[in-house]
Amino acid sequence: MARSSGVLEFAVLGLLHDSPMHGYELRKRIGSALGTFRAYSYGSLYPALKTMTSEGLIAADDASGAGRRSKIVYRLTADGKERFQELVSESGPASWEDEAFGVHLAFFARTNKDVRLRILEGRRSRLEERLDTLRTSLRQASERVDSYTLALQEHGLESVEREVRWLNELIATEREDSPSSRGSKAVLDAPAQQRNNKE
């Protein structure tokens, strides 16, 4: 799942799980719902759809009327639903990485609670490792870089610290085992948090 194509496949299957869509609509949904977490190359979407169609994960239906331009609508197949269930159940290190974490988070409503917790805790652990590296780098750099470079590094450190705090809130909410955990404010604030971390 670490490969870009794997993450894109996961995103497409998850979106088509809700309803069939044509390519342009899928492209928009990926940009609006998932683009906060990762900048997808739109040029890679249609080759991915073609591959997934040939693998039987999705089907492409011609929904155009008589005399109208061809309009392909993609829908999930039984194999595609099964593949999505496999992907949504993954909680290994690849799901903690920058590239895949946001897509996993976007589909947490369809993810088992234990899997959600493993992903959140894994992501936090990964970021805590990054924090240690950033702090060491900042200490070493403070004596030999200009003030602007230092300010940029401090901003990066603060962004990671913010995400760790946000993850702590999500983890605490999950552990409370309340019915509202799926719609918690922390989850709804995810896009803003991720935007802050990329600034």
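Cβ atoms here come from the backbone N, Cα and C positions, even for glycine.
Feature list (source: TrEMBL):
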- 12-86: domain 'Transcription regulator PadR N-terminal' (DOMAIN)
- 174-199: region 'Disordered' (REGION)
DSSP helix/strand/coil residue counts for the domain 'Transcription regulator PadR N-terminal' (12-86): 41 helix, 12 strand, 22 coil
Model confidence over the domain 'Transcription regulator PadR N-terminal' (12-86), averaged pLDDT: 86
